[in-house]
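One structure is given here, and the rest of the page talks about it.
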Amino acid sequence: MFMLIFMPLFRTNWLLSRQALAECRKIDRQYVTEEELMRVNIWFAQIITDLGRSLQVRQVIVATAITYFKRFYTKNSFRNTEPNLVAATCMYLACKIEESPQHIKAVITDMKTIMQEKGEPFSYDNPKVAEMEFYLLEELNFNMIVYHPYRSLMTLAQDLGTKNEDVHWAWYVINDSYRTDMCLLYPPHVIAAAALYLQIALKGGAQYGDYSLTSMNTANNSSVAGVTTRGAKRGAAAAASNNNNNNNNINTSVNETPKVKDIRLWFAQLNVDLEQIIDIVQEIISLYKLWSEEDKQNEKIRDILNKLLK
Amino acid sequence: MYSFQPPEEEELQIENKYLKEKKIGEGTYAKVYRGIERATGRTVAIKKIKLVQTEIGSQGIELSAVREVKCLRELRHPNVIELIDIYSHKSNLKLVLEYLDSDLEMIIKDKSILFQAPDIKSWMLMTLRGLDHCHRNWILHRDMKPNNLLVGKDGQLKIADFGLARDYGDPHAKNMSPQVVTRWYRAPELFFMPSQYGYAVDIWSVGCIFAELLLRTPYLAGESDLAQLELIFKALGTPTEEDWPGFSELARDMKFQKYSRTPLQVHFKAAGSDAIDLLEKMLAYDPNKRINTREALLHSYFRKLPRPTPPDQLPKQQKAQENAIQQKELNSKPPTRELSNKRKAQETNNKGEKKIHCS
């Protein structure tokens, strides 16, 4: 049996149960629905991503900034804070922590441009962001190092022997997972396994005649959504039957192609709860659904934000 | 619409937990006070970090302060300085750290203290254990030197000053600054301006510390970056492509005199063969071949007799200059800057001894 060694010092104190998370959001839930709150989270993750792109920082920094943002809002409500300021500060701190410090002015200038494009003013200056940094640090309990699924993904993919271009897929899924609450609920290696699983489910789909995958080259979000949804559903079913196979008789799957069997065995041997993987996969699928609607209903987010922040 | 309520009450509670005694040092980004934890009576160091004010206004918290907090928050080990508490007050950040009144540099320099082989083994063991803890938690220290190895009244050695430390989680990190580690302890690969390096740089520094413990004087005390490299080559032989694959490519534009390698035993006459072997492996040119903390801790040097001295029986200074230490921690400069005049003077003084060991 193989043993994979994951982060020896992953701090579990930042992982919440769904109940605890719901409790954290009680104040905001008085004003908006659960689904609307999901949209708000997607919205701010997008703002932080845009800011990161504009500052030309690495993906890991964006991921760290979004994680800070989410952790901050497990202790505070949108209603009582100014999320745009928090978002900019998260990016500023994340750059520092990931050893690519950005000038505070640069962060503010880029944030202003981005918010202008979105039709919202960003009217904070240096001292405000610097002051916010203090509060942010405190709310983060000074835990600044964040572990991300990317490294686990590389370890897992290497172990499985996947090709490099395939891993890109899982990589994009991980990027997208930051728009959900997954980084608050599950440790990074489980999210990595789920992303890899989604990718394999897609590959499996291609084997069984789902050709839409082969036309996919780049991460066009809307089409990713479509394909992922289809592939993942099939994959989720496969995982369920995989579970049964393992419980009843592992030899029942002899007539499968060797490659598929390998992957199933591999996942079965992985020291990760399959229930959790399925939960993450499902969550990401619903993200894509919501997200693709987002394009059409850009106005809707305004209404939600007005409800939430006024 | 928005008002932030810092948890004032909590802060006051922490304020009440510690009694500030007196200021023991001030640096560019912090003031250090000695204090007492009221509940236990234990002495602590309270480091008050200021906000950086530049010509364009506030820049938030200083990077080295952020690094220190970030790393110490992840670490807990008997041989790593403990961050006991941390709290913000107004626009100040306060770190409550363990208070230690001596460091290895002071001990090495105090010629009234006699070192026995088991003592050196004990300090090395504690250093490597602490460093192993850092590395296992993906943290590179990047400024290992005797001055940053604090020693408590109980003899325990603790790694301090994480102002240059960074987490090394991302194996693809390409933006790493080669301007790290105080020159005398800087690994040879760092002189070739790499954007990527690893745990091996800390090991090299520990190797230099090991040598310094054996010699009672800095082993490779170069006066400039180029002189440092020259000195390393003189002491350990100019590396060949075999010693360090890729070296000739690195040193393409530089001309180095070819020094042949003298066995370490010649310079370190008093050291046993196990000690020499470990030292050799720590000072290996090829970073990939350099021993890691795990392997070093399992090295026969630590498994064979004599046993390391228990920390509380280690030789210590008669009268520790208690202020010196925390102050030094503060003043430790980024290695890119010039050494202070005091240091320069020392460097010159050491020249004579250097010749004996390195010629």
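Every residue, even glycine, has its Cβ placed from backbone N, Cα and C.
For B:18-302, the entry in TrEMBL reads domain 'Protein kinase'. The annotation ATP binding site is assigned in TrEMBL to B:Ile24, B:Gly25, B:Glu26, B:Gly27, B:Thr28, B:Tyr29, B:Ala30, B:Lys31, B:Val32, B:Lys47, B:Lys48. Feature annotation from TrEMBL assigns active site, proton acceptor to B:Asp143. Under the heading region 'Disordered', TrEMBL lists B:305-359. Here TrEMBL flags B:315-329 as compositional bias 'Polar residues'. The compositional bias 'Basic and acidic residues' annotation in TrEMBL covers B:335-359.
Sequence features, as recorded in TrEMBL, placed on the structure.
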{"residue": "B:Ile24", "record": "ATP binding site", "DSSP class": "strand"}
{"residue": "B:Ala30", "record": "ATP binding site", "DSSP class": "strand"}
{"residue": "B:Lys48", "record": "ATP binding site", "DSSP class": "strand"}
{"residue": "B:Asp143", "record": "active site, proton acceptor", "DSSP class": "coil"}
What's the most sparsely packed of the binding-site residues B:Ile24, B:Ala30, B:Val32, counting other C-beta atoms within 10 A?
B:Ile24
To which of the recorded positions B:Glu26, B:Asp143 does the lowest count of other Cβ atoms within 10 Å belong?
B:Glu26
Pairwise CA distance, B:Asp143 (active site, proton acceptor) versus B:Ala30 (ATP binding site), rounded so that it is a whole Å:
19
What average pLDDT is reported by the model for the domain 'Protein kinase' (B:18-302)?
88
I'd like the number of other C-beta atoms within 10 A of the C-beta of B:Lys48 (ATP binding site), please.
17
